[in-house]
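Taken verbatim from TrEMBL:
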ACT_SITE  67  active site, proton acceptor
ACT_SITE  136  active site, for ring-opening step
ACT_SITE  138  active site, proton acceptor
ACT_SITE  143  active site, for ring-opening step
DOMAIN    11-228  domain 'Glucosamine/galactosamine-6-phosphate isomerase'
Ligand code: PGA
């Protein structure tokens, strides 16, 4: 695991964008695994700027996202499809038909999950998977639990995640209670993983990621079993790291 401590959020965003750009430079038709949430917004802004400046070309890139709320259509402003269009895809030269987000409106979510895994396999897997981390150590919607699931699956959100995500909705009652998410097995198949975190609220979870111990009560600790992980965090998120 390579750990880079940036001085603040902006530097974290810039360094993370450079990691993504390096992958596309080497492989113009790369498959990028993308993530939503507040953390990657700055990185996406950097990538948009790099694209406008001619420093990164998305015309042959394919993307697969980690997760989606169940019950929200892609044009719902809080859906992750909408987030990706709004924060990245609408502003870069990507072919949107090659951008994949799980379908939260699928009638059979289990089947949607199996098809999503199949799609990723057919694409040859992700060349780099971007991950944020929850205050509780979740990655995508893989919440702390006794068991973790390998493939893309239907999952319930923990109360702490519902509370953390309520800031994006008009009221906490509007936060969906279930989601479809890539599982840890699918995430771990990525050729490279880029984990980003900013702020003191992530310090405890990050401490776990670098602890040398693996536990399902902090799902992100599993990343220690992957052979190519880059962790880019700001000083606040690194507060408990020695
Ligand atoms: P955040 O979410 O980037 O909005 O903090 C990260 C996550 O919950 O995975």
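A Cβ is built for glycine as well, from the same backbone N, Cα and C atoms used for every other residue.
All annotation found in TrEMBL is predicted automatically rather than curated by experts.
Annotated features, which come from TrEMBL, shown on the structure.
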residue: 67; record: active site, proton acceptor; Cβ within 10 Å: 22
residue: 136; record: active site, for ring-opening step; Cβ within 10 Å: 18
residue: 138; record: active site, proton acceptor; Cβ within 10 Å: 24
residue: 143; record: active site, for ring-opening step; Cβ within 10 Å: 22
*Quick one: pull the CA-CA distance for residue 138 (active site, proton acceptor) versus residue 67 (active site, proton acceptor), whole Å only.*
12
_Through the lens of DSSP with three states only, how would you label residue 136 (active site, for ring-opening step)?_
coil
*Provide, as an integer number of angstrom, the distance between the C-alpha atoms of residue 67 (active site, proton acceptor) and residue 136 (active site, for ring-opening step).*
17
_Tell me the Cα distance separating residue 136 (active site, for ring-opening step) from residue 143 (active site, for ring-opening step), rounded to the nearest angstrom._
8
